[in-house]
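Listed features, source TrEMBL:
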DOMAIN    249-382  domain 'Oxidoreductase molybdopterin-binding'
TRANSMEM  24-50  transmembrane segment
TRANSMEM  70-92  transmembrane segment
TRANSMEM  113-137  transmembrane segment
TRANSMEM  143-162  transmembrane segment
Amino acid sequence: MSSDAGEPVTSQARGFADTRSTAVTVRVGVCLGVAVAVCMATGLISHLVQHPQPWFWWPTRPVWLYRVTQGLHVISGIAAIPLLVVKLWSVWPKLFARPLIGGVTRQLERLSILVLVGSMIFQLSTGLLNIAQWYVFGFFFPPAHFAMAWVALGAVAVHIGVKLPVIRRALGEPIGPADVAGGGAVGTARRNVLIGAAAATALATVATAGQTVPWLKRLSVLAPRSGDGPQGVPVNRTALAAGVSRAARSPDYRLTVVGPSTTRSFTLAELHAMPQSTRQLPIACVEGWSVDAEWTGVVLADLVATVGGSPKSDVRMISLEPPGPYSRTTLPARHTADSATLIALQLNGEQLDLDHGYPCRLIAPTRPGVLQTKWLTRLEVIGE
Ligand code: HEM
Ligand SMILES: Nc1nc2c(c(=O)[nH]1)N[C@H]1C(S)=C(S)[C@@H](COP(=O)(O)O)O[C@H]1N2
Ligand SMILES: [Mo]
């Protein structure tokens, strides 16, 4: 909708100023809303997998499920960036319209817009910086991003509620002024903005998707880690950075397995002497990149059985890494029971590289990379 005030003007004269119109804002807004909804749903899944709730059920199949949900999260999040830019551009003069403060209703409306724009810019920029591993912000990313996700969701809901009549009307009207066939020059200009927004979004999507979709890899300038690294798999944290280089290579290395009835310690040779299983499973980082690989090792349920544990037990995975956010994780019973869950000794047909978790690491289906604990030293069977 154009805000034509005063005397009538021709469509040509309305020209460029009118390109920033409700017709454009609403259409871009709908796409942005879809992207945010996908971000929220997939982000919540990632949160719940990492912070399990009694009511939350996360399957172990299909093995690529988390790869898809978190890949979608980052793809739709990056697609939202050009959409937000175009949407802000389309309403720019309105943001500074008089009165800047106004009455109470106007103040409330402007406050809600401030929260909306602020939280969206926060989510998109910190998310992008996080996947680039450029930690310029001084806070721990996941809790801040999680809290702001609710603020953004609330602000989007209020915004849609308030604007619903405008959204309905604008979607029902043609893109250009209705008094001119095809909307005239204004209609063409508006359509060009939408085509530009679509092109920028498509470009951003293709440039990100390669970190999940193998055949797009070479186009993926926004996918920082999608294939480099030893044995064809990227490394977020090396053995050196984790401070485990010496302990991991020590001849005294043992994997200790603590069960309800007994505790056993295995040398690497003893682990190799157990029945081995090979599986094709992806590493799917919370940052969105993922890579398929072939893993060989001992089935976790077999190891648990050697100490009298039930496969229906949670298992605590403890790394050689000094205490920190990645040094201990708890594997839920559903994953322990799945025969695709391995204590891996080999990656893509070779002995596991030191940076991929040598002597052994967890690899379980449809699990966030951050929970695939490397450099294991101790497994504790919990309960049952
Ligand atoms: C409005 C947009 C967005 C919403 C509503 C949103 C929401 C969420 C939520 C709820 C989580 C779960 C946090 C937790 O585990 O506690 C999450 C995780 C994450 N998001 Fe977003 N997000 C958005 C945009 C983005 C963007 C644009 C990126 C990157 C370009 C991004 C990257 C990430 C990453 C890397 C994680 C995993 C954090 C971790 O577990 O370490 N997000 N997001
Ligand atoms: N002990 C330990 N395990 C860890 C990590 C870590 O820093 N320390 N990083 C995790 C993360 S974030 C990912 S994505 C995967 C990556 O495994 P890779 O380095 O073999 O690709 O390992 C996970 N396991
Ligand atoms: Mo990761």
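In case you wondered, yes, glycine gets a Cβ from its N, Cα and C as well.
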Tertiary contacts of the transmembrane segment (70-92) (same chain, 6+ residues out, Cβ under 8 Å) = 20-21, 24-25, 28-29, 31-32, 34-36, 38-39, 42-43, 45-46, 117, 120-121, 123-124, 127-128, 131, 193, 196-197, 200-201, 203-205, 207-209, 211-213, 222, 284-288, 290, 368
For the transmembrane segment (143-162), distant same-chain residues with Cβ under 8 A (at least six beyond the ends) = 33, 36, 39-40, 43-44, 47, 109, 112-113, 115-116, 119-120, 122-123, 126-127, 130, 137
On the domain 'Oxidoreductase molybdopterin-binding' (249-382), the mean of the pLDDT values is 97
